[in-house]
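Reviewing the structure listed below.
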Amino acid sequence: MAGFLLAALVAVLGAAVPAHADGAMSGADVTVAQSLGDRELTVVLRRVASLPGPLHVDVLAHAGSPAGTLRLGALPSAAGAPSSASLTLPGTPGPVPAVLRVDSAGPWELTIDDGQRLARIPFVVHAQSMSPAERWVYGGFVAAGLSLAAALVVALAARSGWWTALPGAGVVAGVAVAVTAALLSASQPLPPAPGEDLDATVVNAADPYAGMPRGAAFSRPPVTLTVQRQPVVAGAPATVRLRVTDAATGLPADDLVVHDGGLMHLMVVSPSDRLWHLHPIRTAPGSYEVTFTPDAAGTYAVTAEVARRGGGVQMLRAAGGFTATGRTQDRKAEPLTVRSTGTIDGVGVQVAMADPVAGTPVTLRARIGDEADLQPWLGMLGHLIVAGPTPEGDPVWLHAHAMDDATAMHDMEGMDGMAAMVPMPGVLGATLPDETVAAYGPAVGFTVTFPLPGRYRIWLQAEKDYRIITVPITADVRPAPEAAPGLPQIGRVTPERARTGTRDVTVTLTGRDGRPATAPQIQVQAVLPTMGHASPVITGIPRGRGRYAVPGVPLMAAGGWQLRVTAPGSEPLTIPLTVTD
Amino acid sequence: MPRPSAGVLGAAAVLLGTGTSLAGIVWDVQWHVDVGPDTFFTLSHLMLYSGSAIAGLAALAMVLRATFAQRAGRTADPAEGGRTVRVLKFDAPLGYLIAGAGAAMFLLYGLMDLWWHTVYGFDADLGSPPHVALFSSITVTMVGSVIVFGYARDRRWGRIGLVVSLPILMTFSPLMLNALAELPAPFDIEIVSAAFFCTLSMLLAAGITGRPAYAIRVAAVLGAMQLALWFFAPWASHSYASMVNLPLRDGLGDAPPELPSATPMFLLVAAAVGAGVLAYGRRAGMSMRLLPQLAGAVGGLVLAFSLDLQVPLVGNGPLAAPGTLVADALAGLLFGALAGFLAWRFAGLLRGESRKPIAIVVPGPAVQGGLA
């Protein structure tokens, strides 16, 4: 028994990593955006609670999606029986439920058939599984129960009472093992998630702890995006077919995982500077297609964001994009400038951004409509797509996500008197409700850094009334003033561990010569690399001996943050900062 | 200050165990309501399981103490776990034997629960067979604890323990009685069974001690326990969720805490009425063969009706239809009478006087008939 206890302690303490709270192991809900024909759908696969059991699917149609019937199917990739259901979209936005049936753990596909095309969404059905720690807990308590029963019998039957010591010790040991394992069970690391880190199989979906590889690297080679050559005519619906292949073997890459609420986020920019943010359907392994109506003849730029199983989002650019023939578009949509107001799809929009300088973070703040009725889209309040500098063939593409309202509101220049904000958790790391909750905004903010000078095209996207509002903006980015690069400095932050929230920190800078920094002020930005998030710039105030007080650093989520520190006359510094809940 | 006797310590340890189990289950039920299915072995589960382990170990120690004494040729103090029953070679104190057996059963049924959850998932119903078995096992331990204190009714600690252990059992009872909810009945079976169980428990206190006022004391302690758990349950589940970084469920309204809101809020009224019937009936010279049933019937009626009222009062749902209200009250009356009958029988067993009806002590002229 004592040996068991020791073994349990060693096994569990050996790899103490904070618990993952997203619960992907027990199967969280999966939300996938799908551009199916002329419908923009959000498909939500609810967690499968028991096997065999129902798979609840909600299909939410955006405004403008026509009414009609969709045929849904749950198709096992390895083992199980297929099931199907149909649902009728009423033609008005909102979710429509359907129930399918799944009967075994493993990789599955959800098929959505609109009569003309078939979208195949891969998903994993997880069986209930128990961590080794929990097995120790139950085992310990059961051993204690058995020993207790035995001890009672021995106490009443044995000639000598000391015989009871044997099962009695068993009770104590069993309880000790169980309590120890129970206390450690919450901090036990999760095994690699089938479907996310590893290819899902019938075996690992049933028990992810079975044959769990230790210390394995999950990362895979990059993928290549190609656009199938086919005639595209402006003004008529066109189907664009895309192939995703492994950059090492050339085989179809069929391991894209859902990230930011989609399997693939496709950005298409027309010669008239219009942006489509689409979610191509998967029609076969490695094959995707999307239908849209090009508005002008000319060359379309195509980029896609995907995440491959094993981790890491990548941005793919289809070299050359594709070309549409037909009529040319004379009138380009007039984009907003960085400080202007306009009306997009009948919604009043205000935009404010300081004059951008290459290499310097700048915050773009916008106000969409007058009420707090924006809906989270793809898990975010807003998306900012940036392409530029335009005359040079758009070498830079960016995709930033909105910060929370509080940050967006922070000293919003020239835009006082905003409507009262609904309190909301920080967008980062917090669980935003789904897009049926229209309670956010109207202010959204993004902080981006334009790496090169020149003219950039920017599209800001947010959802309102189940409609995606796309705000085109142009920005001219000035070159950074020539400055002799200084020597790097040594930077420290105190505290080195902070709790989530808006925190005051102190940054201490020392030159390579050992002397404290003397800059009159420093610029600090909080960056959460895993989320691709950068905060607005905060000015640090000198406190003597190289110390700078940095007030109000927005650390909204737990994780490994970075402080990007810029001091005049020296190279920028990156100081890591651990943030815990 | 005199050293506490082993009897007090053993009884207190079993009570600590059952109290721990109760707090654990109240927390756990609230956790499932507020947060969701378990993805690891939660602290509330640990508390639930530890409660049985504590009670089981304490019971084992007391059984051992009794058998050691017999091996040494001494006879055990009847106030230490009470009357002994001959099992195998030795006489075992009944209360601890039952408490220990319940604890062992609970820990063993954990395995069945584990298997059930593996087959049917973590969202299995509260009334699943292994859950009913687990709740019944805890109930057995709690009954053992009541027996231990019942036998020590002559000691002050025994009577204090009685008015604490009975409310623990009563607060826990809706979980076990939940298993009956699926049975077809012309009345609300959960409400009537709760009325039956609570009437039985408070009259048991009166019967064991021979003092009607103990029914009121039990009701008062139950009320205090309900108040404390009312605040404990949401606090514990919310602070634990924030500790382990799990979000609360979407759309949590201001529903009352699940288990504490099922505890009768008007037990004091029912207890006062029941105790009053006992006291005045006795003073009026009514037969003790009939009086407990009468007190039980009145108490059961008040409880069933007040439990129906409690549903809309705490915001758990609308008031039942008039027909159901009448049916519940009638069933409460009948089952209350049965509870009164059983309470007096059980009390008689604990007092070792099963043949003779228990007299009761009431203040005033009828005192001489009492059994103080």
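Glycine residues also receive a Cβ, built from the backbone N, Cα and C atoms like all the rest.
All annotation found in TrEMBL is predicted automatically rather than curated by experts.
Annotation source TrEMBL lists transmembrane segment at B:47-64 (among others).
Summarising the annotation, TrEMBL assigns transmembrane segment to B:93-112 (among others).
According to TrEMBL, the transmembrane segment annotation covers B:132-152 (among others).
According to TrEMBL, the feature transmembrane segment maps to B:159-177 (among others).
Among residues of the same chain six or more beyond the transmembrane segment (B:189-207), those with a C-beta under 8 A of the stretch's C-beta atoms are 146, 150, 162-163, 166-167, 169-170, 173-174, 177-178, 180-181, 183, 213-215, 217-219, 262, 264, 267, 270-271, 274-275, 278, 292, 295-296, 299-300, 303-304, 307-308, 328, 331-332, 335-336, 338-340, 342-344, 346-348, 358, 360. Residues annotated as transmembrane segment in TrEMBL: B:189-207 (among others).
Residues or ranges marked as transmembrane segment in TrEMBL: B:214-233 (among others).
Marked as transmembrane segment by TrEMBL: B:262-281 (among others).
Per TrEMBL, transmembrane segment is recorded for B:293-313 (among others).
Using a Cβ-Cβ cut-off under 8 Å and counting only residues 6 or more beyond its ends in the same chain, the transmembrane segment (B:325-347) has close neighbours at 150, 185-188, 191-193, 195-197, 199-201, 203-204, 206-208, 288, 292-305, 307-308, 319, 354, 357-358. For B:325-347 (among others), the entry in TrEMBL reads transmembrane segment.
For the transmembrane segment (B:293-313), the partner stretch with the most Cβ pairs below 8 Å, chosen from B:47-64, B:214-233, B:262-281, is B:262-281. Sequence-distant contacts of the transmembrane segment (B:132-152) (same chain, at least 6 residues past either end, Cβ-Cβ under 8 Å): 7, 10-11, 14-15, 17-18, 21, 25, 51-52, 55-56, 59, 78-83, 93-103, 105-106, 109-110, 112-113, 158-159, 161-162, 165-166, 168-169, 172-173, 175-176, 178-179, 204, 208, 347, 350. Within the chain, the transmembrane segment (B:159-177) has long-range Cβ neighbours (under 8 A, six or more residues past its boundaries) at 11-12, 15, 18-19, 21-22, 25-26, 29, 126, 132, 135-136, 138-139, 142-143, 145-146, 148-150, 152-153, 190, 193-194, 197-198, 201-202, 204-205, 208-209, 214, 217-218, 221-222, 225-226, 229, 259-260, 262-263, 267.
Tertiary proximity for the transmembrane segment (B:214-233) is limited to same-chain residues at least six positions away from its ends with a CB under 8 Å from its CB atoms, namely 23, 26-27, 29-30, 159, 162-164, 166-168, 170-171, 201-203, 205-206, 208, 256-261, 263-265, 267-268, 270-272, 274-275, 278, 299.
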